[in-house]
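So the structure is just underneath, and the comments pick up after that.
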Amino acid sequence: MTSHRQSSDTFGGILPSTLSSRYLSIVNQLPEEFSSVVSEMMVHLENIFSLAENFFQAIERFSRTPDLLERNKMSIGVGAEGDSWPCHVSHEAPMGSAQTTENSAKEEDKQVPESAALQHPKFKSTPGPQLPTRRRFLSESDELQDPQPVWDAEPQFCQGFLIQGLWELFMDSRQKNQQEHGGEDSSQESKDSGLCDFKPEPQPRHRNSLSDSADPFLIKSPSALLDYYQEDVSRPQPETQESSGRADKFLKPLSWGSEVLESSCNQPSTALWQLERFTVPQALQKVRVLKHQELLLVVAVSSFTRHVFTCSQSGIKVWNLVNQVAEDRDPESHLKCSVQDNKVYLRTCLLSSNSRTLFAGGYNLPGVIVWDLAAPSLYEKCQLPCEGLSCQALANTKENMALAGFTDGTVRIWDLRTQEIVRNLKGPTNSARNLVVKDDNIWTGGLDACLRCWDLRMAKVSLEHLFQSQIMSLAHSPTEDWLLLGLANGQHCLFNSRKRDQVLTVDTKDNTILGLKFSPNGKWWASVGMGNFITVHSMPTGAKLFQVPEVGPVRCFDMTENGRLIITGSRDCASVYHIKY
């Protein structure tokens with residue numbers, strides 16, 4: 001690089017080396033800080049309108065009462081050390097007749113007529129910031145903290161740069177008014193100075209007033225507000241998780257609220273930019289371990305009942321997500337097969353699309369067991385007949401239809417209202433290990449490595465596509481026409497369910513894939529298998545976002561419909577992960 005020399009005192013010359021290096025270091029830091037600055041601005045601007053509106057209302061009240069400044073100036077007393085303290089100032093109001101004696105004038109000064117209080121509402125002091133774990137509203141019975149001076153030099157709600165500027169303009173205007181009234185007779189001040197011994201009556205705090213210190217939008221700094229929005233309602237401790245595959249340390253149980261198990265779109269305070277950031281996750285944080293103590297086959301999570309269901313051969317254990325313990329060994333319920341026989345055991349379970357019904361099927365059972373989750377207590381509602389068949393896959397539709405895939409290749413359909421068999425679809429042996437229902441089509445895949453599409457209107461196979469390896473898992477995108485397959489050779493394949501001639505291999509692993517599931521928005525999917533990892537992929541490229549190691553092969557997993565929790569089953573334990581965006 002060619003070097004240039006020029007006197008540092010020359011106007012318009014090259015900066016000295018010390019200033020130049022400092023300038024370059026600042027420029028290099030700009031890209032790193034740009035993202036956080038933009039996010040902070042978005043968070044702060046979202047709350048600035050209501051805050052500024054309240055502020056300008058206060059200024060407007062001040063401008064309408066020119067004598068309010070003089071009365072507030074008399075409300076400041078000076079102590080022995082020069083400090084100021086708040087003191088009560090009475091407001092004179094027309095009483096309907098002229099007062100002629102000095103005693104009556106003093107009595108009038110000591111009274112606060114109700115009409116005057118309505119005409120001149122007082123500014124409320126803002127208590128110091130607190131650290132609430134969740135945003136709450138104060139009741140009318142909450143006690144006030146010690147009152148602060150009316151004119152607070154640094155009010156707690158002025159933390160942003162824009163509001164700080166408005167406050168400075170207001171203080172400048174106040175100082176000018178004080179200078180204009182500085183030549184007035186001081187006898188009036190000495191006359192009312194004795195009133196400083198009176199303390200203001202505690203006023204109840206209103207829920208939307210600036211004195212509500214529990215409101216995080218009023219008491220937090222911009223950086224604290226950014227953290228408030230970035231944290232989940234569950235309030236987990238932030239834990240960085242890189243895509244290198246390092247596992248998060250097991251944390252203490254989290255105290256999440258109902259928002260974790262409810263759709264974020266249903267929350268009235270959710271803004272558009274908050275929804276957009278729930279596109280792809282950044283990490284998984286383990287928050288709980290459920291000790292099932294038997295080899296897990298299937299796990300399911302219900303946002304409706306806020307429970308996790310872990311299925312093994314002997315039965316299904318029900319765990320309450322509200323209980324906050326790091327390692328839970330005591331389930332709420334244990335649902336067992338009604339038939340007690342060594343040759344009878346469960347193989348799979350499934351939650352209905354509305355999370356109100358639990359299905360369970362297995363080997364040598366007389367029927368698929370149906371439990372009613374909407375009832376006050378769990379009970380076996382009915383059994384869907386399938387005697388002599390071994391169930392290995394379950395599915396259901398919103399039209400009160402239940403489906404099951406059996407080892408002999410049969411796909412059976414029941415009407416849940418009558419528990420009667422609607423139709424049997426006969427396929428090759430071991431061809432119905434996986435079931436996916438989409439519109440009027442049933443997609444099946446199994447150990448014969450063939451993907452089949454059954455048309456429910458004609459009750460026959462409309463498509464067969466052969467893959468290179470056995471189909472171990474199936475999942476359909478909730479937003480697009482892509483069907484995702486997990487193969488025994490470790491491949492992820494995307495199959496276009498509408499065009500039916502487009503197959504994309506998007507990722508390859510060294511181990512068998514045992515489970516796949518799309519996110520609710522269809523922007524990513526998660527996969528588990530024999531590789532001892534939970535892997536998160538982006539859609540549609542299949543790029544690996546990050547991995548989370550488990551203690552052993554992950555046979556099964558499930559995800560809540562709002563994309564907030566993932567439940568995995570590895571060996572004899574189920575792990576609850578909080579998805580961090």
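Backbone N, Cα and C define each Cβ position, glycine as well.
Note that the structure is a prediction, hence the values are computed from the model and not measured.
According to Swiss-Prot, the feature compositional bias 'Basic and acidic residues' maps to 175-204. According to Swiss-Prot, the feature region 'Disordered' maps to 90-134, 175-216. The repeat 'WD 6' annotation in Swiss-Prot covers 466-505. The repeat 'WD 7' feature in Swiss-Prot is assigned to 508-547.
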Same-chain residue ranges lying at least 6 outside the repeat 'WD 7' (508-547) that approach it to Cβ under 8 Å: 241-243, 245, 278-284, 472-480, 482, 484-492, 494, 553-559, 561-563, 566, 568, 570, 577
Intrachain neighbours beyond the repeat 'WD 6' (466-505), with Cβ under 8 angstroms and 6 or more residues off its ends: 433-436, 438, 441, 443, 445-451, 453, 511-518, 520-522, 525, 527, 529, 531, 537, 539-540, 542
DSSP-derived helix, strand and coil totals, residue by residue, for the repeat 'WD 7' (508-547): 0 helix, 23 strand, 17 coil
DSSP-derived helix, strand and coil totals, residue by residue, for the repeat 'WD 6' (466-505): 0 helix, 22 strand, 18 coil
